[in-house]
């Protein structure tokens, strides 16, 4: 027999004395706990501690990226905007955010293998006409690192920045750990001076195990009330979640954290819903049909980016509907962080058929028609209304 002591996760400073039995003569004893309560306690401790280092690194990376983005948005210059072949606006902040997050994660977690699935690559920045843009990005990254007091870091070269950006070329998948990043989710909102988010998540064996949403323009108070006056000092939220431990919110300046929960309403008529600001990102007419079937009276709240997931996680609204136009393929970085932030706050996110979201298939999130999010009690009625509305839309074509 071998005696062991395990820290009790339920009471700080106490120990739980367990007497395991060695089942086989192997190099590392296999432990068996006859008391189920003991086993559950050990499992809870393992879950809550598994990703603590990664979460701390992710919070630091997203917060610094938000600082860089805020600086660029404050003094947005026409030269900061480029265009890619798909005509999506790409900004200096987009590239700078990705380089910064990539660099911080590798620096903070040097002993861990590093794989990053991210939106941007450096191809456009390596062109001759982009050299001025690349210099500005490099300067911004170094200024942000210096502002955090990171004296142990030498200034990054332009090549260092390009390499950091290209770290995001991983394909992800069902094996190992992969970081998933959208350096600026809601680029159009960013350019308008509205909502955007730095969205960072970690996959482990294809499952989302932690997520961080930095939302620089989201008020700390609920946005459910449309008539409230919001001071510039009262904006900037950081949401974060780790599997099995709940979802928390704090201000970007690092104030005390608050545990948050999704809206508890059970009555569809009392629910309000979020949808994309841009009509080209989601079919507003379909969302309107669903809301009508549910009896929702409040008008939709339309904001950009995964800031919607953060607002939903703290109960600002009850439902999120996203129905992209035919032919669009969702990317995993558009939803991974938001998904776990809502799930750990008590919400449910599925596709339009009620299937769970699968982030293990690479860079794309292939699913049935769209994404719906609500609390568990509203989900059955919501799914029914979604299915009915989709059938009516199909029959009218």
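Note that Cβ sites are derived from N, Cα and C of the backbone, with glycine treated the same way.
According to TrEMBL, the features are:
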BINDING   119, 182, 184, 185, 334  Mg(2+) binding site
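Long-range Cβ proximity for residue 119 (Mg(2+) binding site), meaning a same-chain Cβ under 8 A and a gap of 6 or more residues, is found for 94, 98, 168, 181, 182, 183, 331, 333. Of the chain residues outside the Mg(2+) site list 119, 182, 184, 185, 334, 181, 183, 186, 187, 197, 199, 305, 306, 331, 333 have their Cβ within 8 Å of the site's Cβ mean position. If you take the C-beta of residue 184 (Mg(2+) binding site) and look for same-chain residues 6 or more apart in sequence within under 8 angstroms, you find 69, 91, 93, 94, 97, 190, 196, 197, 198. Neighbour density at the Cβ, taken as the number of other Cβ atoms within 10 Å, is lowest among the binding-site residues 182, 185, 334 for 334.
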